[in-house]
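**Student:** As listed in TrEMBL for this protein:
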| type | residues | note |
| --- | --- | --- |
| TRANSMEM | C:7-31 | transmembrane segment |
| DOMAIN | C:64-270 | domain 'ABC transmembrane type-1' |
| TRANSMEM | C:70-90 | transmembrane segment |
| TRANSMEM | C:102-125 | transmembrane segment |
| TRANSMEM | C:145-169 | transmembrane segment |
| TRANSMEM | C:205-229 | transmembrane segment |
| TRANSMEM | C:249-270 | transmembrane segment |
Amino acid sequence: MKKVFALALTGALCLSLLAGCSSAASGSGSATAAAGELNLFAFGEMFPQEVLDGFTQETGIKVNYSTFDTDETMLSRLETSKGGDYDVVIADDYIIKTAIDEGLVSELDKDQIPNLGNVNPVYQGQFFDPEDKYTVPHGAGVMTIVYDPALVGKEITSYEDLWDASLADNLAIIGNYRVIDGMALKLMGESYNVEDPAVIQSAGEKLLELAPNIRAIQDANTQDLLISGEVAAAVMYTSQTYLAKINRSDLEIAYPSEGLGFGLMAQFVPVNAPNKDAAYQFINYLLDPEVSKQCFEYMGYYCTNQAAEELFDDATKELLVLPEDFLSSNDIEMIQPVSAEAEEAHMQVWTEFKSACGQ
Amino acid sequence: MKNRTFLPNLFLGIVTVIFYLPIVLVVLYSFNENKLTSVWSGFSLKWYQMLFQDKAIFEALGNSIFLGICASVNAAVIGTLGAVGFTRIRSRSKGPVEYLSMLPIMIPEIILGMVFMAFFSLLGLPFGMTTLILSHTVFCIPYVYMLVKARLVGMDPGLVEAARDLGASDVRAFFDVTLPLLAPAIASGMLLSFAMSFDDVIISIFVTGVNVNTLPILIYSQLKVGVTPEINALCTLMLAATILLVALSAVLGRPRRSRHR
Amino acid sequence: MKKRSKLWLTVVPLYVFTLLFVLGPMIYMVVLSFQTRAEVWGVVNEFTLDNYKNIFHPVYLQTFAESFKLAITSTLFIVAIGYPFGYFMAKLSPVWKKRMMLLLMIPFWTSSLIRMYGWIIIFRANGTLDKLLMGLGLTQSPLKLLYTYPAVVVGMVYALLQFMIFAVYSSAEKLDWSLVEAARDLGASPWQAFRTVTLKLTLPGLLSGVILTFIPSMGLFFIADILGGNKVVLVGSLIQDQLMKAHNWPFAAALSVALMIMTTLMIALYKRVTHSEELEGLL
């Protein structure tokens, strides 16, 4: 009798757990392969609804847009599904390299992407895909300095200017340690991707001198600190720079003279994508200049589509297209994965820096 | 006599006022017409209007409520049964298991978040509502368990014996005698569990899936600045609900307070 | 005997759940802490002690030290406010005790994030406090209190004070006041009576409160994040950074094990000193 009772209660328990499972399954809008569908997997807020609707109108293919919040989540999903489930994935450079190395990415059939010629060649042939066999760039991110001229009182042109004592307690930075450590590396004339832990350590010492100027370290909504006047200058992601400028046109953007680190997002087709044809149609559609323009204006990343550049109005162009002379110079460098040893040195430098900021 | 209690009471009063100050400000600014909390530009209900049109907030609210209910029901079943069983069982593993099951509320939450994240990905469980419910159940069990256990200690074992002597089966005795006596403790345990689950940020951040937001996670991501007064409005409504809940728990049994989550 | 044998069924769910979702993850945490981080991604199944050695790197030791410093600072403030609060509260009349209880419960049932947000409103540039001080002519320009160390301390104190109050209250409530009076009758000064009787008898509550505030304050990274602009590094924020940013899970696991050991030691010490099985006023 007791057994029955215990069983009944265990049953009730299981039911409530199952309720959780089933609701989770239905909640995440699980992507199942069916004819006339496309499973898109990307960061959130990357596509305006018109762009997705436009594709459906043009081709009759329904777009299932699922999102991830970190590249690592994306990769583990892709590993679990053995490169299936999704048709088009958009992620950051370094993780794509890992995905390619693990054989999760299929080679592109370029004949099916007539618009491929629209891509700005500057962004092609990068470390993660030197022969452009697997990926199509979709947006570049550059770390820029944005400042409020009224509060700074002088022009900022370099990373060095950020170290100036006049910015004491007035600088906000993002929490990306490769970028922030990289500022010090650049100041020392080193590469972002330096492997020698000793060099990274000495960059760390340089970085400690910056600590008194740091008001906040924050990844999300960094631009709001600048907009609200909480800080006078900020080192931010491209999309945040874009939002800052849109909200306050009096803010100034500085491309530091020591050189910039940049990152790329790119699209790829997983090796076992259920709807490869639809995937190619979608990639091609996104490369259409007009569609590209809409996408970049929506997400605020630097435009990787040369054909779309002409379509922006002047003010937007200034924000979404990197200056010509900048791209041609050698001052622009991709941030690449480094060895575990160098990574550890970065983490130590970063931790030390953060606690120095709190003193 | 008056002089001897005046200073202590003044102290109690001042501290209580400071307790309420941040909350009062949040409520106050939910009625501010201006978006900036530094400027008061007049009374307005527009943030409430906007709040009710915000799908993301309501989805997160729904998730949080669902999660809280699932976790507290699970905890109630597991915790109550465990506490009842343990008072009558003697086993060498009893001590260690009891210690282990209480552990989740003793250690810093960050550890729980870390281990769940690692463990669930080891198991290959997809992060989302399932992992949220599992992890929340783990830290809700101790609340129910401890409250029920405390109640059982003060309970007369003769009552169950009497029922059994009168011919009731174990199960009958449990449902007819033990359970009604335990009900207030279970209820306050569940309420406490719900509140803990509803307010949890740290563990949820580590075990949530991509498209599953709970309310605290949503608020946390907005809080880092750039908060719209919609959040103030939501807080005000939640505060009202809380007061209702506290009143309810005061009616249901001895009031219990929450542990910070 | 036969009845006994069926009774164990009631504890099956608790056993299963505890072993599977408490012991299991804890064991995995320990295992993980001895594994090696893969070059690019994930974990390699190779035994190493490096993660523990790494904790002793000066940078991370300093983090522990600073986290301790913050925890001690917060706890001192919490003791200074919470102990008298709980003590005075226990002396109130029954009606007022109940009212006070309810008054305290409402803020603490409110979302902790929202309460932190209230402090943001107070501290931010040109926020409530600046307005007040400037209005009174005490300061000329915004104080810029948000994203400072004091702001984090205020947040910690505010978030954790309730544990101290309730722990002290619950032991002070059980206090037999006639003992205090007896001490007074025997010629003890109020201070002597407090020290020899009251303090001694409320010590379990006080110590429990210290543990209940000290331990969480090392992990509450979101307070350091929201009110401290992410500049104050707690052990908790270090673990979070290692997990979410550096993807160094084995090191995060080793840090967690270290924190876990410290926590367990503190609780064991408490039980030893107070001879009690559970923390006073935990619930």
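Glycine is no exception: its Cβ is also placed from the backbone N, Cα and C atoms.
Describe each of these features in terms of where it is and what it packs against.
**Tutor:** Listed by sequence, the residues of this chain that lie at least six past the ends of the transmembrane segment (C:7-31) yet keep a Cβ under 8 A from its Cβ atoms are 253, 256-257, 260.
Under 8 Å from some Cβ of the transmembrane segment (C:102-125) lie the Cβ atoms of residues 142, 144-146, 151, 154-155, 158-159, 162, 165, 222-223, 226-227, all in the same chain and six or more residues away from its ends.
Only residues 6 or more beyond the boundaries of the transmembrane segment (C:145-169), in the same chain, are considered here, and those with a CB under 8 A from a CB of the stretch are 70, 73-74, 77-79, 81-83, 85-87, 89-90, 104, 108, 112, 115-116, 119-120, 123-125, 127, 129-130, 202, 205-206, 208-210, 212-213, 216-217, 220, 223-224, 226-229, 231-232, 279-282.
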**Student:** Short question: which residues 6 or more past the ends of the transmembrane segment (C:70-90) have a Cβ under 8 Å from it?
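**Tutor:** Contacts of the transmembrane segment (C:70-90) (Cβ under 8 Å, skipping residues fewer than 6 from its ends): 97, 100, 149, 152-153, 156-157, 160-161, 163-170, 172-173, 175, 198, 202, 205-206, 209-210, 213-214, 217-218, 232, 234.
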**Student:** Can you tell me which parts of the same chain pack against the transmembrane segment (C:249-270), counting only residues 6+ beyond its ends and a CB-CB cutoff under 8 A?
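**Tutor:** Tertiary neighbours of the transmembrane segment (C:249-270) are 26, 29-30, 32-37, 43, 48, 51-52, 54-55, 60, 64, 207-208, 211, 214-215, 218-219, 235, 238-239, 242-243, 276, 279.
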